[in-house]
Structure formats: C-alpha cells, structure tokens
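Data block below; observations after.
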Amino acid sequence: MNRRLVILVADSAGCGALPDAAAYGDAGSDTLGNTSRAVGGLSLPVLGRMGLGHVTAIQGVPPDPAPTAFHGRMAERSEGKDTTTGHWEMMGVVLRQGLRTFPGGFPPEIVEAFVRETGAPGVLGNTVASGTVIIQELGEEHQRTGKPIVYTSADSVFQVAAHTDTVPLETLYAWCRTARRILDPWRVARVIARPFVGAPGKYARTYDRKDFSMPPPATTVLERLVEAGVPVVGVGKIPDIFDRRGITEEIHTAGNADGLARTAALLDRVDRGLVFVNLVDFDMLYGHRNDPAGYARALEELDRALPAILDRLGPGDLLALTADHGCDPTTPSTDHSREHVPLLVYAPGRGGGDLGTRTTFADLGATVAEYFGVRSDVGTSFLAEVTR
C-alpha cells in the first residue's frame with residue numbers, strides 16, 4: 001500500500017548546465033561538481049551510496065557500483081531558473097512564457113503605487129543587488145528614514161528589506177501583501193519580505209523571511225492530492241511558493257538543520273500523504289554568496305541528517321531528493337544558474353538503478369500523482385521503475 005512520499009528539495013543544488021545554459025549566461029555551471037572541486041572533495045557517504053556520484057562528476061563521491069537508490073537527473077522545460085518556476089514544474093505546471101524580470105530596477109509606476117498604497121515614506125535601492133550586501137550599504141539610511149530597501153535580482157522577485165526595530169515584522173508582511181496585489185498584472189513571481197537585525201556594518205537577515213507568490217497559472221498535482229483527500233505537508237517555504245494552494249499543513253523552519261529534524265519528526269506521526277520539504281540554506285546562505293566552503297558544509301550536514309529520515313521509512317514509502325535550479329558558488333555570478341537537477345529516489349528494500357535524464361521536472365509530479373492515484377497532465381511517471 002502506498003502510504004508516504006517525501007520530497008527533499010536541496011534548494012539550488014544543480015548538477016550541470018542545461019543545453020541552453022549559455023543563453024542565460026550559465027555555460028559551465030555545475031553547482032555540485034564545481035563545489036566539490038573548489039573544496040578539494042566532499043565527504044557524502046550516505047548520498048554516495050544512494051548514487052549521487054552517478055549524476056555528475058563529484059570529487060570525493062565516486063559512482064557507487066550498487067547504489068541503494070535510483071538515480072538520474074531532470075532537465076527544466078520551462079523558461080527560467082528560479083525557485084517558483086522550478087517547483088511549479090515539479091508539480092506539473094510548465095511555464096511557456098518566462099516570469100518578468102527587472103534588470104534595470106522597477107519602473108516608477110510600480111514604486112509609486114507601492115509607496116502610495118503602503119504609506120511607506122519612500123523606498124531605497126530599487127536596483128539589482130545581493131541582499132546581504134545592500135542591507136550593509138543602505139541599512140543605516142533605512143533606519144534613519146524609515147524607507148524600506150527594495151531590490152531585485154536576475155530572478156522574478158520584488159524584495160523588501162527592513163530592520164525589525166524600524167519596521168515591525170507584521171507591517172513588513174502587510175507591505176509585501178500590498179506589493180503582491182500590485183505586481184500580479186506584471187507577472188512577478190514572488191514578493192519576498194526580508195527582515196534583518198543588528199547594527200550598522202553588522203546587519204544580518206533573519207529566518208522570518210516570507211514569500212508571497214503569484215498563484216500557479218494551472219492546477220498543480222498538490223491541489224489534486226488535496227481534492228482527493230491526500231494530506232500534503234509543506235515544510236519550509238513550500239507553502240509560500242504555491243500560494244498555499246494544495247497544502248493541508250504548514251511547517252515553518254529556521255534553516256536546513258531545523259527542516260531536516262522536523263521532517264524526521266513528521267515521519268513519526270504522519271502515516272499517509274506527501275511531505276514536501278524545501279531546504280533553503282544551500283541557496284540563501286552559500287550559493288548567492290559565492291561560498292563553496294559553506295555550500296560543502298551544508299551538503300555534508302544533509303548527508304549526516306539523512307539516516308534519521310531514511311530509517312523512518314517503511315515498505316511502500318518513497319523518498320525523492322532533488323533541486324529546483326542551480327546556484328553555482330564558484331562562478332562570478334551571484335545569481336541562480338540554469339542547470340539539470342539531481343534525482344535520487346529511495347524505495348526501502350528495493351535497491352537502485354538508473355532513471356536517466358528526465359526531459360522535465362514534471363516527471364516527479366507525475367510520479368507523485370500515480371503513487372497517490374490522482375491525475376497528472378504533464379510529465380512521465382517513473383513509479384513503475386522504482387517499485388518493480
């Protein structure tokens with residue numbers, strides 16, 4: 001009997017450039033492979049035994065001749081290389097038109113509407129920036145004037161940063177809800193609240209970030225599961241990404257270690273349904289900051305935490321580990337990279353095998369749909385291959 005399926009998304013842990021990566025400025029990107037070489041090798045015994053070394057060339061993680069999980073990689077069919085696009089495609093929504101980006105900052109009509117409708121005293125920034133850098137550059141002026149820091153990136157995001165002593169958290173969230181409504185017609189994927197704390201020169205972002213996503217333009221596999229009475233637990237930023245559609249329970253997390261511990265605890269009480277987990281630290285703390293050493297430590301932390309999750313799985317359960325895009329910390333860019341993503345599928349007691357290169361992330365959603373007996377419109381299920 002199919003009971004529980006766990007998806008762990010190692011946010012940004014791509015495994016090699018897609019054929020069209022050059023068009024995105026990402027030729028040669030390989031988040032996992034390049035990170036391993038930058039640090040002189042990774043120690044990932046659990047992931048190695050699962051077959052991660054078959055997915056791309058990872059220094060320190062050779063291909064295991066008898067992997068314990070099924071291994072492969074997935075290519076993104078949608079245009080883009082961001083969190084929203086990647087997660088939506090995983091759950092059966094392929095975007096034919098990329099989401100809107102603003103490489104020159106946001107036009108006056110957006111900024112003026114934001115200021116007018118929120119009552120904010122203006123904005124600072126309105127540029128493409130690294131979030132950790134711009135709060136150091138503008139944080140003191142923000143605290144003096146009360147103006148929030150607005151910025152974007154190569155992704156379709158409108159980010160609003162504010163010090164929690166200057167703009168209360170709930171006020172920041174309210175401003176972002178207003179921005180979400182303003183930006184819906186502009187096809188901006190996410191409005192992100194970026195609270196920070198600290199003193200000038202030592203500002204630090206908190207885990208109270210909140211994403212306000214535009215709703216998916218089509219029905220996702222998650223919604224079909226809920227309609228069929230299947231519980232769906234969203235861990236980390238999963239509920240935000242899907243605008244809380246197709247989610248029956250939300251679990252907030254404070255980083256990867258917390259998310260992994262909460263996932264293990266969930267498996268002690270959840271006896272049926274989908275547990276969908278996003279592990280954001282790879283992307284937020286290390287990929288965007290071009291920190292391969294930190295990225296390597298996070299991968300090794302994941303490896304150490306996996307046994308507590310795998311040991312809680314029983315006959316009929318499945319676990320899939322994947323990513324939503326790349327964010328190669330070894331390249332000059334601090335933005336996401338257009339990459340394949342790894343696919344490891346663990347079925348207790350069934351050994352492993354090669355799932356090849358899937359032509360869309362939606363193959364994962366199609367597999368989830370078949371596992372729980374609901375319809376999917378996009379992708380090819382590999383359920384038979386991992387349960388034979």
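In case you wondered, yes, glycine gets a Cβ from its N, Cα and C as well.
Per Swiss-Prot, Mn(2+) 1 binding site is recorded for ASP11, ASP324, HIS325. Per Swiss-Prot, the feature Mn(2+) 2 binding site maps to ASP283, HIS288, HIS336.
A gap of 6 Å separates the Cα atoms of ASP11 (Mn(2+) 1 binding site) and ASP283 (Mn(2+) 2 binding site).
In the three-state DSSP assignment, the secondary structure recorded for ASP283 (Mn(2+) 2 binding site) is helix. Looking at HIS288 (Mn(2+) 2 binding site) and ASP324 (Mn(2+) 1 binding site), their Cα atoms lie 15 Å from each other. Cα-Cα distance from ASP324 (Mn(2+) 1 binding site) to HIS336 (Mn(2+) 2 binding site): 10 Å (rounded to the nearest whole number). Summary: among the binding-site residues (ASP11, ASP283, ASP324), the fewest other C-beta atoms within 10 A of the C-beta are counted at ASP11. Annotation for HIS325 (Mn(2+) 1 binding site): same-chain Cβ neighbours under 8 Å, separated by at least 6 residues, are SER12, GLY14, GLU76, LYS81, ASP82, THR83, THR85, GLY86, HIS336, SER337, ARG338, GLU339, VAL341. HIS288 (Mn(2+) 2 binding site): 21 other CB atoms within 10 A of its CB, across all protein chains. Neighbour density for HIS336 (Mn(2+) 2 binding site): within 10 A of its CB lie 30 other CB atoms from the protein chains shown. Sequence-ordered, the extra residues of this chain that approach the Mn(2+) 2 site, with Cβ no more than 8 Å from the Cβ center of ASP283, HIS288, HIS336, are ASP11, SER12, MET284, GLY287, HIS325, CYS327, THR334, ASP335.
One way to see the shell of the Mn(2+) 1 site is to take the Cβ centroid of ASP11, ASP324, HIS325; the remaining same-chain residues with a Cβ within 8 Å of it are VAL9, ALA10, SER12, ALA13, GLY14, ASP82, THR83, GLY86, HIS87, ASP283, ALA323, GLY326, CYS327, HIS336, VAL341.
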